[in-house]
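Colleague: Following this message is one structure expressed as structure tokens.
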Amino acid sequence: MRPWTGSWRWIMLILFAWGTLLFYIGGHLVRDNDHSDHSSRELSKILAKLERLKQQNEDLRRMAESLRIPEGPIDQGPASGRVRALEEQFMKAKEQIENYKKQTKNGPGKDHEILRRRIENGAKELWFFLQSELKKLKNLEGNELQRHADEFLSDLGHHERSIMTDLYYLSQTDGAGDWREKEAKDLTELVQRRITYLQNPKDCSKAKKLVCNINKGCGYGCQLHHVVYCFMIAYGTQRTLALESHNWRYATGGWETVFRPVSETCTDRSGSSTGHWSGEVKDKNVQVVELPIVDSVHPRPPYLPLAVPEDLADRLVRVHGDPAVWWVSQFVKYLIRPQPWLEKEIEEATKKLGFKHPVIGVHVRRTDKVGAEAAFHPIEEYTVHVEEDFQLLARRMQVDKKRVYLATDDPALLKEAKTKYPSYEFISDNSISWSAGLHNRYTENSLRGVILDIHFLSQADFLVCTFSSQVCRVAYEIMQALHPDASANFRSLDDIYYFGGPNAHNQIAIYPHQPRTEGEIPMEPGDIIGVAGNHWDGYPKGVNRKLGRTGLYPSYKVREKIETVKYPTYPEADK
């Protein structure tokens, strides 16, 4: 039997050796930065891996602390298992460090450099093509002008798809695709652990709670977003979300009859003190806080979208094109875990409809939205983007059939679509369209229909819809939880993505701009631009917050401003 003292020294020796290796490889990376033959992309990848090694070092430190017992044998029981786990992690870490040292010497891979040069050349050739074709158009008239313009747009589409395909393959080279898969999975598991920990306190009678009533006066997508908003505030204020859903207008039995409960251990909203939301600080000593709808919450908490957690921001920016949407998707993912009967319904519907890939999801919202919140869009506007998406997919996979999942509240649309586009295979359930009508909307059958529509839309390879629709935005959010980065897998005919009642959506100017027309606004690098909308023509609308002027500006001259907030990190969730 070895005494603990010797083992503890052994642990400390391992940690010291670990730290020395980290210091060595860190210095090695810094020195290598001076060599011109190393790309900044490769260096960023390696530094990120080094950051993960540091995180593993912290994990080892915590493991060593958990092993620190005053006396007694360690060759059996839990302590022995932890020591063995420590040894395994140490050996893996040594192997990883050696691999990363080799990568810094080798530089980017051959495929990476071939693709990078192909994209560079493609961009140049596109510019040459544009210059040449526009000069030709100047000298054409009438039918000849129309014919040449059509050919020009068709060729331009080929150029764009060629560059986009090269960019896709570039994103997969040198292990980048595998890294992205793993990093997205790790981030998702981390957040889901934290949410699960918060939602399942050991003693419900003592837990701080945030009460959210689901029955906001709107449809399913809107109500789901209302609960997501509540959930984010609960997460930020370290309160267990208590969801009140009795007599829900879609299912009188409540949320739990359709989806899994938001908590397994704490479904009772009672507490020693109760009050309405008056701000995180003022509510500090109130056990149960009732939250109003986002439109009337005051003071506004900092945890509203489009902000993301400070401790995850750097990792999210690297792995995902729209971190704010990814963050929303994590709460949606937790909330819509189906009950067994619903899971079975989804499986049966998948087989019955013949849903399989490749497939484009199309959502056409009509009825109450048209004229009130959105314009009418004929099916032709959707299929333009559907065809573009299929042509892009065909460059990297076999498209045996052009499948389109059509979700709509207009029962007549399916027949119209099949008549106008016989080369497409439309997958749709017209009974869902009938149940989505205004007279049938708030029924359990309608709820089943909208859940199925959202599920299949989120499963599609691309999504074509109007972001003015909550159903479309929910499908897009779920899509983000299914892929490492599906932020670009959409075409919206109207709005950009937004979350109802959020904090401002801002961008930062990276290039100067002098207006050429009366409707444009000037910009200087560093100016904050508040986004008001996007016309999908290269010129969004926004306000220059420094000048107070509203107008159009070139989208390529700005970048997204990622808003971060100091969310709690719930270290207890990892124990």
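Glycine too: its Cβ is placed from the backbone N, Cα and C atoms.
Okay, these came from Swiss-Prot:
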type	residues	note
TRANSMEM	10-30	transmembrane segment
TOPO_DOM	31-575	topological domain 'Lumenal'
MOD_RES	Ser278	phosphoserine
MOTIF	299-305	motif 'SH3-binding'
Colleague: To what whole number does the mean pLDDT across the motif 'SH3-binding' (299-305) round?
Modeller: 96
Colleague: For the motif 'SH3-binding' (299-305), jot down how many residues DSSP puts in helix, in strand and in coil.
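Modeller: Residue counts in helix, strand and coil order: 0 helix, 0 strand, 7 coil.
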Colleague: Around the C-beta of Ser278 (phosphoserine), how many further C-beta atoms are within 10 angstroms, looking at every protein chain?
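Modeller: Other Cβ atoms found within 10 Å: 12.
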Colleague: Return one of helix, strand or coil for the residue listed as 'phosphoserine', based on DSSP.
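Modeller: The residue listed as 'phosphoserine' sits in coil per DSSP, no helix or strand.
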